[in-house]
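Structure first, then comments.
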Amino acid sequence: MAFDPASLTFDANGLIPAVAQDHATGEVLMMAWMNAEAVARTVETGCVTYWSRSRQAFWVKGETSGHVQRLIELRIDCDRDCLLLLIEQEGPACHTNRRSCFYTALREGEERIILDPMV
C-alpha cells in the first residue's frame, strides 16, 4: 500500500509528534513536530525535516549545524498520531550539543544531568 502523509492523524495545529531514535543502538535522541509537508519531504529526501513551531518554518535537521539526521525507516503508531523515525545521526542531536535531548534524569526525587555535551 502506498503511503500518503494525509492518512496520518494530525493535531488541531496540523502537527504530529515525531520521536527520533538511533537505528543502530535504539537510543531515543529527540522529539520534535512535523506537519504533512515535513513528513513528505523527509520520505522524499531521506533527510529528516521537522516543523519549527517557534519559527513557523521547516527545519531540516543539521542544515546549519551539520548534525544531519538520515532517515532509515519511518514507523507509524497504531493510532496514526505519532511517528517513530529510525535515523542515522551525525554528531549531537540536541541543540545543547549533547547526543540526546533526554539528558536530564529524575533519580530519587532529584534532577540529574546524565549526558555531557559532546566535544
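Counting begins at 1 with the first residue displayed.
From the backbone N, Cα and C atoms, a Cβ is placed for every residue, glycine too.
Marked as Mg(2+) binding site by Swiss-Prot on the basis of sequence analysis: Asp77, Asp79, Asp81. Secondary structure at Asp81 (Mg(2+) binding site), as computed by DSSP, is coil. Every protein chain shown contributes to the tally, and the Cβ of Asp81 (Mg(2+) binding site) ends up with 13 other Cβ atoms within 10 Å.
As annotated by Swiss-Prot, Zn(2+) binding site applies to Cys78, Cys94, Cys101, with the evidence given as sequence analysis. Here the Cβ of Cys78 (Zn(2+) binding site) has 6 other Cβ atoms within 10 Å, regardless of which shown protein chain they belong to.
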Handout entry: binding-site residues listed as Asp77, Asp79, least Cβ neighbours within 10 Å
Key = Asp79
